[in-house]
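K.L.:
Got these off TrEMBL a minute ago, pasting:
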- 48-234: domain 'Wntless GOLD' (DOMAIN)
- 235-434: domain 'Wntless-like transmembrane' (DOMAIN)
- 241-261: transmembrane segment (TRANSMEM)
- 273-294: transmembrane segment (TRANSMEM)
- 314-332: transmembrane segment (TRANSMEM)
- 385-409: transmembrane segment (TRANSMEM)
């Protein structure tokens, strides 16, 4: 392994490189702590309850609250639905809020928009709330641009989705007390190209299904009093600093990787495995740091979160593989060095874990490209698949770190054994020199 570029760098140059990297790291931390705002912010929307006289039979009809286009329902307890499927009850959220009479806007700098749904369920002995009850949502997501009129809403998607209610009874089981229900994922937008969004949500009830299966979707969800949406987005100031840092760092990383590979190619030999691994690590870092997110400021790019996950996954897969190769190449007594094929057992855990997480990410965020309300956890089959890949990936991670610790221990033992052998030979040489000196003194 002698003659690698890294080993030929002098101690002074290596020290200067490490100090420069440490200073750059400190500067980045200070920029994040002093100049950058919080990475994300949230808004809470208590959904307004509206009466749709057409019962959802008109697919072109939107209900909204600014300007008023909603027959307000003040209290669901005293409201009598006209339709047996209860689709005339519509929960409305218009995002973002108004502030001091001014309509706030979402910005493309916000990068993503994540919606969580919270359900307020009142305790009532006459309304059963089943354990892990299924709640079916008929939801429409609309948007409006700055050039559109206040009544011109365009449909982004209309879909039905199912979630599972995870609730615990209130400490005091009395009328009006609320169950403690966990928040549920509602939607996720991988980009934020529109300034205004509108959600119309219904909880349809199929009476025939409920008679056949009393615990079917929306059949045993208790008495719902309110729905709330928590919308989370990335802050624009954080996005700006983050992108400019990536724009500044990316050319430096690309230049460093290019310089390193040119040095490797300039040697009068083929690159060794460790040099190739270092180059692969630098290349994956250059891909990770490339400021591709600038494109989302000019184009609608719902795939950006998926691409970001894939880039991060590629970097970590190469990094974990590099650690194993780095440790293996320092096993001086190992005759299988400098051959990637000999590491297939070592790298199998990295490959399996990376593949499992990639499958999960494509199944989750890949489907959300066409349906932001999709969740792999919404169905029993999807949940089993998700749990399976997560468990397999977790087992591979534990196996990887165990094997890496074993490799590091072997490297440490090899280095100690080599130093002991060098010390032994050094002592033998000293004794031989002393013996020759004594003989010379006697001779003279």
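Even glycines carry a Cβ here, placed using N, Cα and C.
TrEMBL annotations: computationally assigned, not manually curated.
So that I understand the layout, could you describe where these features sit and how close they are to other parts?
P.N.:
Within the same chain, residues 1, 4-6, 111, 239, 243, 246-247, 249-250, 253-254, 256-257, 260-261, 264, 304, 307-308, 311-312, 314-315, 317-319, 321-322, 325-326, 329, 337-340 sit at least 6 positions outside the transmembrane segment (273-294) and bring their C-beta atoms closer than 8 Å to a C-beta of that stretch.
Listed as Cβ neighbours of the transmembrane segment (314-332) (distance under 8 Å, sequence separation of 6 or more from its ends, same chain) are residues 1, 272-274, 277-278, 280-281, 284-285, 287-288, 338, 340, 343, 346-347, 350-351, 354, 400, 403-404, 407-408, 410-411, 414-415, 418.
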K.L.:
Cβ under 8 Å to the transmembrane segment (385-409), counting only same-chain residues 6 or more beyond its ends: which ones?
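P.N.:
Sequence-remote neighbours of the transmembrane segment (385-409) are 320, 323-324, 327-328, 331, 346, 349-350, 352-353, 356-357, 359-360, 363-364, 376-377.
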